[in-house]
Amino acid sequence: MSLGWWRLVYAAFAGFLLFHGFSTSENAPNYSFMHNATSAPFLSYYDYIVVGGGTAGCPLAATLSHRANVLLLERGGSPYGDPNITKLVNFGASLSDLSPWSPSQRFISTDGVINSRACVLGGGSCLNAGFYTRASPEYIRQAGWDGRLVNQSYEWVEKLVAFEPHLGHWQSAVRNGLLEVGVVPFNGFTFDHINGTKVGGTIFDEQGNRHTAADLLEYANPRGLTVLLYATVEKILFRFRGRRSRPEAYGVIFRDGSGIEHRAYLKYGFKNEIIISAGALGSPQLLMLSGVGPVAHLRSHNIPVVLDQPLVGQGMCDNPMNAVFVPSPIPVEVSLIEVVGITHFGSYIEAASGETFSASVTTTSRNYGMFSPKIGQLSTVPPKQRTPEAIARAVEYLDNLDQAALQGGFILEKIMGPISTGHLELQTRNPDDNPSVTFNYFQHPLDLQRCVQGIQTIGKIVESESFSKFRYDYMSWPGLVNMTEHSPINLLPRHYNSSIPLETFCRDTVMTIWHYHGGCQVSRVVDPDYKVLGVEALRVIDGSTFNSSPGTNPQATVMMLGRYMGVKILRERLGN
């Protein structure tokens, strides 16, 4: 049976649970405005239509709802009641779920790196490793944002979803190792982006419960907001009011989980708008499906051209991540990203650890966490060789290993920027299908140089006195690098010392940390107010507008941007 058929069945079942009060979570908020799209009228009217209930869309819709009537359309379901989303100990389970009803949708870039996009209310904040940290003051200045409103918007987000982590021994050793090797000063616990070493925030609370952008809907005015789940937007509707007028967005066509078509239109009013917040893949994809994009590409898919905009889908970036597994002679705590070293050369050093290899709540197989081949994080073969068969072999090997062989953690580096860019193209006219995306990892030599320097810094940390109790004395740094590239990950150490060029290591072991962005960038596709150039009544507000990734991890800034632009749009609406 087809993927689409299973999606229809699951959406219908989820709708039954949603509307008949069956919940598997004691802490799920009672959102009276959240409904399955099957219950939606065939025709409806709103002041704002927000496409995408993700990391930006949720805070944006919540903010707008206080002064307007808002429709938020999310193609996935609710995160509440799913322990694979809500529990830290199950991190990776959702990313490894390839079922039609998974909250993640796997895609593989043409570079060969396996990646994921969100398909759930709350977006990537439901799937990521939880690190919460702001953008740098320089990034904010370059973006042209109002610094005071930015700070207020961050604080608005942080009241509900950001926490201070409690460092265990492994993360403390990484912190001390960073300081010992010169990534200074120590800036303590802070959300701010400051050169040196710091403890950042997390969206996991002390009980290990995840808090997501969907939680920011608690701020919403229930009378001003409608959230529809399992609502897949097929296209934006445009009209021309005069012979020389620019195209004007005035509605959307979406299908519910049963495949039934619905239409939502903007109410009459020149300040009413459609806002796309579908993410770095979804937003440029939807613009193209709606006829806004490179004319030759649109015509090759028989899409009527509304506006020839050759820069839609350009400037795609993914910050490359490379990691080294460090087997530990002693047990280590379960941890995701908590400490970061912000270096002067443009690489960020982070770590994750622990025996997160027990069976998850909903499965009987081992969950290998942030660096599992189950979620596509397979660094033991070059990107183009990461086939389903290679992944299956790695998973089988790890499933048969003794628990002691899986003891340890990863120290990773990701580069800032990046400078290397690629592009996105449609593969089909089906909005549920992934577009084709190329990131061109390490195409620019400075990106590769930063990776090499980052890996060298990891080597110094592993060999530091601060980290000594978490490494085997007879395992050399070159041996660890070689093991990471050539052996199934998480092996007990062996006595070999061969070395490889770090440039080769960076290229062959590159993985994603899910920080991809671009495709609808400011000054190329949208203006500084995120209005689509050449089009009326349409904005894009999400990570697709970024020219580079903000801070060490972008989710805080994406949530902030949703709130920030919601406030600005309402001020404009009210004439303030």
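All positions are counted from 1 along the displayed chain.
From the backbone N, Cα and C atoms, a Cβ is placed for every residue, glycine too.
Of the listed cysteines Cys317, Cys451, TrEMBL assigns the disulfide bond with Cys506 to Cys451. Summed and averaged per residue, pLDDT over the domain 'Glucose-methanol-choline oxidoreductase N-terminal' (279-293) gives 98. All protein chains shown were included, and the count of other CB atoms within 10 Å of the CB of Cys506 (disulfide bond) stands at 23. Put simply, the two farthest-apart Cα atoms among Val120, Val233, Trp514, His515, Gly543, Pro554, Gln555, the recorded binders of FAD, are 25 Å from each other. Secondary structure by DSSP for the domain 'Glucose-methanol-choline oxidoreductase N-terminal' (279-293): 11 helix, 2 strand, 2 coil. Using a 10 Å Cβ-Cβ cutoff, Gly543 (FAD binding site) registers 28 neighbours.
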